[in-house]
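A.B. asks: My structure is below; once you've seen it, I'll send some questions.
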Amino acid sequence: MMQGDVSPNPSLIDRTIKMRKETETRKVVLAWGLLNVSMAGMIYTEMTGKLISTYYNVTYWPLWYIELALASLFSLNALFDFWRYFKYTVAPTSLVVSPGQQALLGLKQAVVQTTPPRDLAATQISPSPPSPSIQGQSVLSYSPSRSPSTSPKFATSCMTGYSPQLQGLSSGGLGSYSPGVTYSPVSGYNKLASFSLSPSSPYPTTVGPVESSGLRARYRSPPTVYNSPTDKEDYMTDLRTLDTFLRSEEEKQHRVKLGSPDSTSPSTSPTFWNYSRSVGDYAQTLKKFQYQLACRSQAPCANKDEADLISKQAAEEVWARVTMNRQLLDHMDSWTAKFRNWISETILVPLVQEIESVSTQMRRMGCPELQIGEASVTSLKQAALVRAPLIPTLNAIVQYLDLTPNQEYLFERIKELSQGGCMSSFRWNRGGDFKGRKWDTDLPTDSAIIMHVFCTYLDSRLPPHPKYPDGKTFTSQHFVQTPNKPDVTNENVFCIYQSAVNPPHYELIYQRHVYNLPKGRNNMFHTLLMFLYIIKTKESGMLGRVNLGLSGVNILWIFGE
């Protein structure tokens, strides 16, 4: 096997592009050089005349050093630009092309050297011993207008499975190759094929090498000696045709690469000849990429999407009764996130901190049995009455804990919900695990806990009312829980109604209208958001005598401007 390691010369197109870039750069660097010389001259004139220092009455020596640095910089830039201009003018990149290539590439006569036209006639050259200078040269290097010195070389790695014996190269003509190219049989190929010339035709139609399954020659013409110009239609006369041809060839090479199981095989390598294959040639490849049905999407996913769409449409219908601005509904997710964050930062986190502070004070006072989360609500209420002067915040904390007899679970769940900043552990229809056992209906849901602490917080912000001596002003007026029912016929009723406990579901009653938002994980938050939105838009931000805006509770900021 021949060893060939000859690196190809830069392509003609690359050198053409380089030459064009040099031509364009030569104009630009000349302009920049003149500009830099002008700037340096102006600064030098100012240095000798001291115009700026005299006009502005400033110290001359610091200014002189600054001007010297700028003049030096512009001078160096000018020298560099003139050096580049001189380089591109005196020693430009030159090309040796034929007149046809010059017209095709759009080159000027002054920058190229053209080869003289030749009178060509198709001749057949007798075989000669292999020339060492072209060992490893493939038939792909043939071109009617390419000299042997500029023909690309192909290493033997590109011809795996073949042993080409090139029979000679004519020294008398340009690009004239010997037709005596034979191939020796290798595994998988049981037929010797050789090129033969047809002296009567400039385009021989003899079968090329290796006419076997999986390898069909696109260009069946063997390399011949041309001594007459080819037809006009065989030349590309403009850049557009050249670009179209190159693009089509690149696409074909890309398709062959994708369809070839082994790029190193001579019958499947993306080279010059393996195009125009038949369907049978791709049989092995098509077996690897058999048509397969895609997996069906699961029905629950489709049902879930459909349910979400129906839920969204139902929510839009309910909100349309409150506001005509449908664009506000696009901000519902943002409002919900802000509201959850407000509950966490304003209620839950301070509540947990105060509970831990009170528990610490209880231990210091010698009352470890009154630890919050361990003692009953009744015991804590009695302690709040007895020790009110010592622990004034205990009575307010007890109001938040008056939800379930299981104080340990309630305190631990409030701590879990306060973590993460946005109640990430919130479960709308259940709660958390408690002491290794799953949540059950004997424990309050997270929705019930959040609703309770929200109502209790607003109880603490509203002024006392003589009608509600227990201090639950907001809860008594604006929250109704089943089995109790609100008086829908009363126009003054404005409340949140919990119509179901497990799973929890909330409705809004306002001016004899029932606003029933869709069931699900956001039902409680969206109901509370509608409650607050009505207060902002229809009640001027006032809940009774308390402002829920910036000067009061400061909760309406979640809706933006």
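Yeah, the Cβs are placed from backbone N, Cα and C, and that goes for glycine too.
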A.B. asks: Which candidate in Asn36, Asn274 appears in Swiss-Prot with the annotation N-linked glycosylation site?
C.D. replies: Asn274
A.B. asks: Out of Ser11, Asn57, Ser98, which of these recorded positions is nearest Ser248 (phosphoserine) by C-alpha distance?
C.D. replies: Ser11
A.B. asks: For the transmembrane segment (28-48), what are the same-chain contacts with Cβ under 8 Å, counting residues 6+ beyond its ends?
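C.D. replies: That would be 64, 67-68, 70-71, 74-75, 77-78, 81-82, 84-85, 88.
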A.B. asks: Could you measure between Ser98 (phosphoserine) and Ser11 (phosphoserine) for me? Cα positions, answer in whole angstrom.
C.D. replies: 15
A.B. asks: Among Ser11, Asn57, Ser98, Ser248, the recorded positions in question, whose Cβ has the most other Cβ atoms within 10 Å in this structure?
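C.D. replies: Comparing the recorded positions Ser11, Asn57, Ser98, Ser248, the most crowded Cβ belongs to Ser98.
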A.B. asks: Between Asn57 (N-linked glycosylation site) and Ser11 (phosphoserine), what C-alpha distance do you get in Å?
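C.D. replies: Between the alpha carbons of Asn57 (N-linked glycosylation site) and Ser11 (phosphoserine) there are 63 Å.
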